[in-house]
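Here is what TrEMBL records for this protein:
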type: COMPBIAS; residues: 1-12; note: compositional bias 'Gly residues'
type: REGION; residues: 1-103; note: region 'Disordered'
type: COMPBIAS; residues: 22-36; note: compositional bias 'Basic residues'
type: COMPBIAS; residues: 66-77; note: compositional bias 'Low complexity'
type: COMPBIAS; residues: 78-98; note: compositional bias 'Pro residues'
type: DOMAIN; residues: 107-141; note: domain 'WW'
type: COMPBIAS; residues: 138-160; note: compositional bias 'Low complexity'
type: REGION; residues: 138-212; note: region 'Disordered'
type: COMPBIAS; residues: 167-178; note: compositional bias 'Polar residues'
type: COMPBIAS; residues: 187-197; note: compositional bias 'Pro residues'
type: COMPBIAS; residues: 714-726; note: compositional bias 'Basic and acidic residues'
type: REGION; residues: 714-781; note: region 'Disordered'
type: COMPBIAS; residues: 729-747; note: compositional bias 'Polar residues'
type: COMPBIAS; residues: 763-775; note: compositional bias 'Low complexity'
type: ACT_SITE; residues: 979; note: active site, nucleophile
type: BINDING; residues: 1007, 1008, 1009, 1010, 1030, 1031, 1032, 1033; note: substrate binding site
């Protein structure tokens, strides 16, 4: 245990914060140190403090309740942790240290006072272990220190006004000096004389002009770490868990990942299915409800061994995983596949003859129904599937029971084995550090009520190895043995503050970086490494909701949090070891408060929620102090989980309300690694809010009508943005208008005027004073007129959006209305898919199918004719989450080429198929086909005849192919472009893009343009932008238009509009050619631009449909 001030040699000197884990470590000359590196850990003998040192602040005492000895986080107005007391060396030649320490009247000893010797001042001083107060003179008898409370009496209510804090200039240890000028300044208490210091108190040079004011370190962000706790509990024993060690953490991470891989392999090899999504994470949660093992992650002592959660989820996917289809054709196909899977499974499994007979009969009956039923609708197929599953599933379950139980049992056995190996490695670390477990003292002298405090360790911490620290503009990176962990700088600063409040054994921050690395590694393994995996279990309520909960219901504690996503500095979390350094009070099921107001937003695991409700009911039943739990759960009713029904039926329920779906947000589970613009996620489910309160809690924090109304209002999307805007526009901060990014003032050539549309931001708010819909046209024509391109910055909340184009070029007047109608219909189709919870790939494909079926566009029906007068189409689609792509080129007879392109993506290892072979393959894959007459429209046929005439050709000679250098290239044919494309983004930030075209009129057979070229006419990447283009394909291919737009957004920070403008200008200058591009970046910002005369476009967002063709147009109507 360290001394109160963290000094060496028993001297209570001022602390310093060290970036690395060794005071004498000499960094590599190119290694960047932690910004708060403060040199060695020695004290300031002359009373001065290094400006780089973070002062160890003594917390302000709270009324009537003591802190447990050696625990940080005393509630009060001052933010610092309460240092752990340590007896310094006694005076030379004096009595033994223990006798000197207790050489005080019994009354003062009972109040927590102890006497120590100051080497620096060569005199004794007095330190109160309960309140943290230090004095030079003997405290007066009969005077209890502020915050003292006799353990023999019950605590006063935390809501009562605390007594005045002790004066901060009473500080012989030199640990309460002014810190950096950050945060709020707290003056002396009322009634104190500001000019004359009390007799016997040490005077500092800073007090010559008046007493020093204590200052807070406040870290700004989506949290409030300065709120004191209102939670009372009985003092707890320190945990016998060993301190985490990075070598042990690496080993545990490797075993957790092996366990995940084993689960996938067993599901695939034994049952022919993929491991159910998030099932492994729910298994960890469910096991920890009953696990009595020592490992904080791996289950190792559970009964029963078979997890019913894992068993149910595997069994539910046998014989195949069922999903909610979007369309009637998909419903029919899924019903047929389920029949085949059920029949095949019963044939190869050891099942009773009766079970085989029943399943076979139901399958054959369903096949007969499919053959004889024509024109069945969506509901018919779904009802039939439900009936078939009801009839067959019991027999399928019996057949698969032993195999599935074997998977669950094997998972538990492997976990026990891995946990044992981790424990053995941990014991080796302790042995190397000469730390013996049997020497640990874990007995609490007597049970007393205290304010809640973080988990404390009984064992000392071994010396930890060094972790490398790197920091750039946005991220902090920590590296240990080649394993790099990253988090946003803001959240790194948050962890520093939590560590300052919550860590009792490392006042110098020697182990801070190592413990942050271990924290990130622990959660990385716990939630998985696949993109987006585990994010739902880590999601948090919006900041505005937390603010309302504290303001209206006195909430200052989260029952399910982590150092990464917590709003308050006091919370319960999954890991009592690594999280405790950052303020965790341990797992919620082991937390037994007597008084307080709590927020509970559990990860969705039925067993955990059931145990949580039982635990809350038991606490409410046992306590007569005010106790309140506000529980937030998804509103799932088909069917309602047992745990949810148990919560609703609780005798302690005071009220319940529901926040409607799509009308509120949650904060992303990985907010510590995402940009601010991607953090708010729209909830597609309703949220159920239930108040569980005892009588005293109801009287104090009851859900009155006004309080509930304000809570519901705090859920409204945009509240957090309004809060941030108010902070930005506060008088203390400068107000700045939109800035044009560097090098974004582009000059277009007269031959290629630019037009860029800046749609409304992701919030749907207007951004231009002269246009009610936020459209800003940028025209740079022959006259040289330019315009400012306003980039509207981050979104209010990431809203599902579908953006389409219907081709750039010259659009005949009689075609404008048809273009409008076509793009609007396509947007409505894609937007509905997104609102129904469909993927962005589904939305893009269904949108483009509508355009391909519309003869007003040059894709599918209405495609341009080749020189000999035939139809050859191209299409491509790309998924931004993993850069998967598929395309087809020069295919014939395929009604919807975009469907064939997606099948290439999903069913082959290739990216592109071309020609007749691609057409035949698409037919084999079930793509719908049509005769060539279906594709040829009168409009395109007349265009083709005119093209022949302009090139001195006739229908009879059209087969005599002429190369481009043999015929005159006419601009009007290059300007007749109606390629279609779509880009979509969902609430989770997933992006997809697709493009489809019939090419140029009169093209040579086999010509492949930019559309099927990934990076030319299409590109999608969640980390940058989704792009679809239309224009002269050869020019787009030479420049790599789509990839160039993506590169500019990702690497140079340009907005989508600026990137489009720069790319089209570059293409026009280097290779000639014109066209248009649409794009959506990962923050939901839209870009629409073209350098041709016109382009038809439309997009749907937030219930509104925007569309246009000409410059300055932005027509708006409801979707």
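First residue shown is number 1, and so on along the chain.
Each residue, glycine too, has its Cβ placed from N, Cα and C.
The structure, with features from TrEMBL marked on it.
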| residue | record | CB count, 10 Å |
| --- | --- | --- |
| 979 | active site, nucleophile | 33 |
| 1007 | substrate binding site | 18 |
| 1008 | substrate binding site | 19 |
| 1009 | substrate binding site | 25 |
| 1010 | substrate binding site | 29 |
| 1030 | substrate binding site | 33 |
| 1031 | substrate binding site | 29 |
| 1032 | substrate binding site | 23 |
| 1033 | substrate binding site | 28 |
Any idea what the Cα distance is from residue 1030 (substrate binding site) over to the residue listed as 'active site, nucleophile', rounded to a whole Å? 6
Length of the line joining the Cα atoms of residue 1007 (substrate binding site) and residue 979 (active site, nucleophile), in Å: 15
So, by DSSP, how many helix, strand and coil residues make up the domain 'WW' (107-141)? 5 helix, 14 strand, 16 coil
Tell me, by DSSP, whether residue 1033 (substrate binding site) is helix, strand or coil? helix
Based on the record's binding annotation for substrate (1007, 1008, 1009, 1010, 1030, 1031, 1032, 1033), what whole-number value in Å is the widest Cα to Cα distance? 16
Rounded to the nearest Å, what's the C-alpha distance separating the residue listed as 'active site, nucleophile' and residue 1010 (substrate binding site)? Just drop the number here, would you? 11
Which whole number is the mean pLDDT over the domain 'WW' (107-141)? 78
